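Engineer: Before I ask anything, here is the structure I am working with.
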Amino acid sequence: MAAMSAGIAGAAYAAGAFSRSQAVKRQGKAKAVQLAAVRESVVNDTATAVETECINAIRFLAVDAINKSNSGHPGAPMGQAPIGYLLFAEEMNYNPEDSKWANRDRFVLSSGHGCMLQYSLLHLAGYKSVSIDDIKQFRQWGSKTPGHPENFETDGIEVTTGPLGMGISNAVGLAAAEAHLAAVYNKPGMPLIDHYCYTIAGDGCMQEGITHESASLAGHLGLGKLIAFYDDNGITIDGHTDLSFTEDVGKRFEAYGWQVLTVLDGNTDVAGLRDAIKQAKACTDKPTLIKVKTIIGYGSPNKADTHDIHGAALGKDEAAATRAQLGWKHSEFEVPQQAYDVFRGHAAKGASKQAEWNKMWAEYQQKEPELAAQFKRACMDRKLPDGWADSLPKLTPEDKGKATRLHSQDCINALANVLPEFMGGSADLAPSNMTLMKCTGNFLKGSYAERNFRFGIREFGMAAMCNAMSLDKTGIIPYCATFTIFSDYMRSAIRMAALSQAGTIFVTTHDSIAVGEDGPTHQPIETIPSLRMIPDLTVMRPADGNETAGAYKYAVERSKNESRPTFMAFSRQALPNLPNSSIENTFKGAYAVIECADPEVILIGTGSEVHVCVNAAKEGLAGKKVRVVSMPSWEVFRAQPASYKDALLPKNVPTLSVEAAVTMGWGEWAGAFVGIDCFGASAPGQTCLDNFGFTSANVASCAMRCIAGERGALSNGSQGKH
């Protein structure tokens with residue numbers, strides 16, 4: 001009776017909310033018509049008593065947790081609760097006892113500020129990572145229920161979300177991973193990989209540019225196992241979306257190539273939502289967007305359908321009023337056993353599905369031993385094959401030099417032959433980035449087994465997709481590529497890779513002012529130093545072929561074994577191979593290219609500037625005792641034993657850094673710097689290097705000044721401005 005009363009009360013509430021919003025807040029006839037449709041659907045409530053109880057359990061766990069912490073976003077969980085109920089109590093295959101089961105369905109909450117929805121669902125489903133005590137510690141120090149979903153903190157969270165639009169873009173990557181693995185491994189009667197990726201996104205996600213990139217590509221690729229719910233509640237922080245957002249999202253997604261469905265009443269029409277999911281699954285050649293009209297903060301008599309419930313707790317009085325409105329007679333954090341039984345009963349079905357999968361896997365190993373061995377190593381054990389690194393090239397100073405982007409191409413193709421889980425591509429720059437794998441074709445609709453991704457000019461969406469392919473936890477080693485300067489377009493995704501422990505390999509080329517004629521818009525000066533500031537991101541700037549091979553060995557091991565990202569920057573111009581360079585020395589982060597005992601000065605270079613240092617030592621500093629150090633990675637060198645670091649860079653020896661980038665940050669390793677603290681210019685690459693001070697003569701001159709006691713930026717590029 002209480003649940004039925006809740007349905008009636010909810011209908012009365014919705015009618016009242018409609019009247020208030022029509023009189024006070026809504027602008028435009030179209031909006032009023034939409035809400036009228038919602039009201040009519042609410043009156044004809046289709047949710048059963050048990051469903052209503054389960055849905056309200058989600059809502060009030062969110063309300064109570066946010067009230068207790070006095071911080072959070074209750075409106076989204078209250079509106080999205082019916083979607084969450086259907087996914088976790090009916091639709092999804094998952095096992096709380098094995099959250100990394102390869103064939104689990106994936107769920108991503110793109111509107112991550114509404115994370116109490118996900119925490120409530122994980123708790124109700126029986127994940128040990130979210131106990132009722134964890135719910136009570138929402139947003140508190142050391143809790144497993146932080147202010148946005150964090151995959152590295154809470155078991156059951158697939159990807160870290162928070163920056164709006166990132167989550168739905170991650171979902172595209174997860175769906176791409178499913179499509180690829182299914183195409184590679186599935187055999188008749190033995191579908192090892194056959195799962196869906198569900199995501200809930202809000203108005204904010206739909207407005208962020210990253211969503212346009214990833215959704216466009218998802219439609220082009222025809223990722224039919226991707227089902228996205230658009231929580232169309234018409235509210236953002238500023239207020240009603242009429243202020244800034246009036247486009248037809250459904251038509252936009254139809255133009256992308258998605259199937260678009262609409263549920264007019266997402267607050268109570270569980271049957272309508274269920275039918276929409278059924279239709280989404282029936283469409284196998286397109287992703288589906290289910291546009292769900294909800295009332296934000298559904299059930300709150302005074303705050304629903306306003307931005308007041310978007311980012312603030314209801315408060316004690318309004319929570320009590322909401323309980324009365326929805327007929328919820330349970331106290332704070334109290335969940336009726338029936339709700340637990342429903343969710344955990346479905347979770348138990350997921351465990352049974354996994355047991356069935358295990359039987360199929362045993363049969364698969366008998367019938368497809370070669371593929372089974374590969375699947376077990378790459379996807380289940382997530383280990384690298386023995387001897388894989390032997391494929392990487394090894395060079396001597398006598399070998400002809402070439403651009404490190406070409407060495408990168410050699411490494412990519414060597415790895416592609418021995419690592420079937422290695423896959424990726426470029427943001428429409430493959431011929432310049434040199435990132436195509438020759439042993440495989442293009443990952444496209446109808447050819448999902450191939451490994452070359454054609455991401456198009458979509459750097460941000462590309463990076464988010466690759467992060468998710470790593471976080472899929474099926475052993476994929478993803479790489480994505482662009483020009484170094486355009487890594488700014490995907491900066492947030494690079495940061496999220498480091499934060500969320502995604503093993504993405506970021507491959508970039510055209511790493512300095514040596515890009516030349518394209519000018520300062522394409523010449524990175526601050527990019528690489530700024531990326532070095534991101535915690536847990538390793539930045540590699542190799543100087544020759546061996547360092548490039550070392551960078552790839554490091555990046556692949558870091559991706560596969562640690563699920564951590566690496567950013568690599570390669571040159572456009574040809575560079576000779578260095579003496580003493582090797583994969584092993586690259587793993588030290590810095591090493592002596594030209595050694596001498598008791599040096600009078602140490603020159604530290606990265607990338608192409610190491611060669612300028614070598615020439616300066618040989619030509620301009622004849623008679624001086626000079627040590628030349630190549631430092632392909634600050635982060636790797638920083639992790640070395642103090643004894644090694646102190647021996648390579650003694651603190652009592654004058655040290656000069658040389659890098660075609662801003663000088664900020666180099667004070668950690670050197671006392672004097674040659675750099676470029678201004679924007680570049682449009683001219684041939686060598687002309688730019690010469691005029692901005694990256695010559696052996698200028699470096700030798702600055703080294704002499706360093707020996708004489710001068711410190712700081714001895715050459716900052718200002719001499720090259722015209």
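Even glycines carry a Cβ here, placed using N, Cα and C.
What TrEMBL lists as active site, proton donor is Glu459. According to TrEMBL, the substrate binding site annotation covers His73, His310, Arg405, Ser432, His510, Asp518, His522, Arg572. The annotation thiamine diphosphate binding site is assigned in TrEMBL to His113, Gly162, Pro163, Leu164, Gly204, Asn233, His310, Phe486. The Mg(2+) binding site annotation in TrEMBL covers Asp203, Asn233, Ile235. Residues or ranges marked as domain 'Transketolase-like pyrimidine-binding' in TrEMBL: 402-577. Annotation comment: TrEMBL describes His73, His310 as site 'Important for catalytic activity'.
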Engineer: Counting other CB atoms within 10 A of each CB, which of the recorded positions Asp203, Glu459, Asp518 comes out lowest?
Structural biologist: Asp518
Engineer: Based on Cα distances to His510 (substrate binding site), point out the closest of the recorded positions His113, Gly162, Asp203, Asn233, Glu459.
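Structural biologist: The answer is Glu459.
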Engineer: To see if you understand the setup: which same-chain residues, six or more apart in sequence, place their Cβ under 8 Å from that of Ser432 (substrate binding site)?
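Structural biologist: Spatial neighbours, sequence-distant, of Ser432 (substrate binding site): Arg405, Phe483, Thr509, His510.
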Engineer: Around the Mg(2+) site recorded as Asp203, Asn233, Ile235, what other same-chain residues have a C-beta within 8 angstroms of the site's C-beta center?
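Structural biologist: Those within range, site residues removed, are Gly202, Asp231, Asp232, Gly234, Thr236, His240, Thr241, Ile296, His310.
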Engineer: Cα within 10 Å of Ile235 (Mg(2+) binding site) is the criterion; apply it to the binding-site residues Pro163, Phe486, Asp518 and give the hits in sequence order.
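Structural biologist: Correct set: empty; none qualify.
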Engineer: Mean pLDDT for the domain 'Transketolase-like pyrimidine-binding' (402-577), as a whole number?
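Structural biologist: Mean pLDDT for the domain 'Transketolase-like pyrimidine-binding' (402-577): 98.
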Engineer: For a quick check of understanding: given the listed thiamine diphosphate-binding residues His113, Gly162, Pro163, Leu164, Gly204, Asn233, His310, Phe486, what is the maximum Cα-Cα distance in angstrom, as an integer?
Structural biologist: 34
Engineer: Name the residues of the same chain, 6+ apart in sequence, whose Cβ is under 8 Å from the Cβ of Gly204 (thiamine diphosphate binding site)?
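Structural biologist: Gly204 (thiamine diphosphate binding site) has long-range Cβ partners Ser111, Leu164, Gly165, Thr236.
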